[in-house]
Structure formats: structure tokens, C-alpha cells
Ligand code: MSP
């Protein structure tokens, strides 16, 4: 059965639905920044985008957190959820849907999905014995545990022994279909290292997994046996489908998957890869729904080279970070400094150095000094140069002419660090170009045409750089565009995809003499290093 009308002009992407046992941490911010950047890039390409984020609110972990504060789980969730919404606003995240798993509509979708899988004969009752990590909300194999019966991810938490009657999903039945699927769609799991992890895990043989819990009432009842509560992960993954329902439509699977399904990209951290790359596609196969196009598992962040954690007291508070440095700075650092897919580090001194070097010095000064020269040597107007008259051997034209395609390619494979590096190379070359060409001497020698060409070439390079970086640093890019005489705000999705589409603005030679330059203003204020550093 193919229920979808999806066209190639749409792009649906998700972040994980975050647990609300606590306020958001830097890890959730990292995934969400990356997702927002992809969403913005897809909108620039002219695609219709749906960007889904939200919260995962059921399960034992949340129930216990609520209990510890003397609150009902729902009251507790309602109190935490705004901290996610506020952080996304601070970070300039433009999501389209915020999916909460406690939503009533979600219950209807989960029930319908469960029934489909049930009718398929893929759910049965059995006995579950094993070690459970409440923080992961996952059973662990004995061999995975570290000393003291603790979870390898939550190293301070002891796992708990469970021996209970549960409903099971027949994952084992999907071993072969999954393997065939991974073969046919080699890009389904990215990056390649994660794909290999999954292939090796699956090749060891898949075991059925339990999808219900007893002695837990915070969750949806199992439709066929209300004494049992649905396992939080079975319910949470379906939150991606519920999120697709148009407001005001009846909560049915058919409505939910009618336009956007299948999801183009699930962005997740490496710790929840199995759920997304193994359990989820198997569940969808069982329910006879098309499978997502890609799951990308990014790496983990460390602080000053150490694993971050509350017990070590070295967590990075994303709210404090954005309030101190601004959203563009935080977005830029994480995407430029870390190869997406690999683990990466946060170090505040490094953070300051990178931002000062790239945004204040290289990009900011380049714009500022060039605009001031335009004022001085060209009566404050963009030189009237036809880009096609600039000789092809002009270094900036050569680099600029190929940049759009290169950067598009890098964004498409989520190589954000490559995007930033490639664009910054144009910026650095532009600074060198100005120093070498020395428009101030050319002017003195009376070579006004040459001055005009140099300044046009550099301004056009700054424009192109701002455009290509706009999914990462939308505020700075908007400021640059405005100083170059455009009324474009990259935070207005409708405006950017129609007024400044990728097909024209990612190419070389867009700047025109018709634009009225704005007042030169610093686009990024240098950050002072702390005194004791
Ligand atoms: N609720 C589940 C997801 C359900 S999706 C249907 C969940 N939530 S979570 O809040 O615990 O994790 C959310 C994301 O944060 C995961 O992608 C995880 O990988 C990521 N991170 C948690 N700690 C992290 C770091 N230290 N660094 C980078 N990302 C990390 O799992």
C-alpha cells in the first residue's frame, strides 16, 4: 500500500523528541542547531520544508523525575516543555512542528499503528527477563554492562533487574528484510561508520523486543490489554508521524502520512541509532508504511576533552552560552569546529578564538574595510562593473564561480565544517587580494577603473559568503546583506526562497550598482578573552 503523495519538492526532517526529565542540555541544542541549518538550506533551494522537533514525555524516567519533585507527571512535563521552546527561540530555531507525545492526537495515532502491527501478527505476549537502564529506557545485554552493573552510557546509574510479562514485537522476523533494505539503500544510515555499526549489530541476529511495561502507568495503555503500558520508545518514534498531521484534521494514519511521509532525514545522536535504524524501519515495515530516506547519527560533545555530565559538574548550559555570546556565535562554533558525525569538544577559549578569527576579523573586517574604501574611492556606490567583464583569471571570481556548487554538495551530505571552511577560504583570499591589489595605491596612481573592479570583486565575495553561510549564521548574513543594500532578512523563510533563491544568489556576480549601500557597521563584535586565560 502506498499512502503518500510526496513530491521531490518537499523535505521533511526531524530532531529526536527530547526527554523532559530535565531542561535541555547542550547535546539537544547541538542536534537542533544542525537540523535548523539543514531546514534553512533546503528552504533556500526552494523546497517546501517541514522541520519537526518536540518532546518525549512518557516512561519510567519521566515518572520518577516527576515523583522526585512531588508533581504529577503531566504537571512536571508541562513545566519543563517551555524551557525547550524558549531555548529554540534563543537559538533562532525555525521549527514547523513541536510534537509532544502526551498529545491526545498522538494517542490515536499510536493506537491505530499498534492495531495494524497486531493484525499483522507481529505482537505477542511473552516473558521479559533482563537488565534495564531507566536512563536509556532500554534493556541491556549482560555483556554490555560495566563494573558494578552499571550502564555504559549512564555510568553512574545501576541497571535494574526485570522479570515480567510483556508484549513483544517480532523484530527477528524483519532481520532479512532489514538487511536487504540496507543493501538497497546504502545511504540510509550515515555516516558510514554508523552504518557499519548497525550492519554488524544486525548480522549478530535480531531478537524480539518488548513493547510494553507492567507496574508503570505513565504512558498509553496497550490497546489490546489495558493492564499494560506501552513502552516509551514504541510510542515516541510514532511522534514523528503524529507531528505530520495538519492542524484541524482527524488523527488518522492516513491523514498523517498524506503529504510529507516518508521523512527525508532523522537527525539523531549516536546513542539512539539502534532505535532509529533497526527498530523503527522494522516497525514501519510491519505497519506497511514506506521507510524514511535517511538516519544520520552525529557524535557526542565533550567539554575540555572530558565526557560531559552532571556528576562531573562540567555540563555546558546552552541558555547561558547563547545569552553570553549570541545565537550565531554558538551555531557557528559547533558546526564549523566539529566534523558532523564525529565526537567534538567544547572549550571556551577555543570558542572565543574561532569566533574572533573567522567572524570578527576575517569576515567582519573585510566587509567593513571594503565598504569604507567604497565610500572613499567610489562615492559610496557599488562600482558599476559588469561581472562578465572581470577577467576569468581573477582569483576571487574563479573561487566564487565554483563555490555555490561545492557548498551545496557539502550541505547535502551534512558536512557543515566543510561548508564553513570552503566559504572562509573565499573570505581569507579576499583579504589577501585587497592587500595585494592595494586599492589605495591604485587610486593614488589614478587607476580608478581598477579600484572599482577590485572593490566590486571583494564586495561580491562577501555577499556570496554571507549568502552561503546564511543557514548557519542567519543574523550576521542578514546584516551583511542589508549593508550591501538588500532589504533581505534570512530569518524570513518566505522572503529568502523567493527574493534570494539559491539558483541566482549562490552564483557569482549578483551584486549590482542599482543597490544603495547601507551604513558600515561591525557585524560581529570581538570577544574579549577572560583575564586569567
Ligand atoms: N527521547 C529520546 C529520543 C526519542 S526520539 C523518538 C532521547 N532523548 S534525549 O533527550 O535523551 O536525547 C536527545 C539527543 O541528545 C540524542 O540525539 C542524544 O544523542 C543527544 N545527546 C545527549 N547527550 C549528548 C552529548 N553529550 N553530545 C551530543 N549529543 C548528545 O534520547
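Cβ atoms are placed via backbone N, Cα and C, with glycine included.
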Segment assigned the feature motif ''KMSKS' region' in TrEMBL (from 297-301, 302-306, 307-311, 312-316): 307-311
Residues flagged as motif ''HIGH' region' in TrEMBL, choosing from 18-28, 29-39: 18-28
Where residue 133 (Zn(2+) binding site) falls in three-state DSSP terms: strand
Around the Cβ of residue 133 (Zn(2+) binding site), the count of other Cβ atoms that are within 10 Å: 21
For residue 136 (Zn(2+) binding site), the number of other Cβ atoms found within 10 Å of its own Cβ: 19
Helix, strand and coil residues within the domain 'Methionyl/Valyl/Leucyl/Isoleucyl-tRNA synthetase anticodon-binding' (405-496) as assigned by DSSP: 72 helix, 0 strand, 20 coil
Secondary structure content, the motif ''HIGH' region' (18-28) (per DSSP, counts of residues): 3 helix, 2 strand, 6 coil
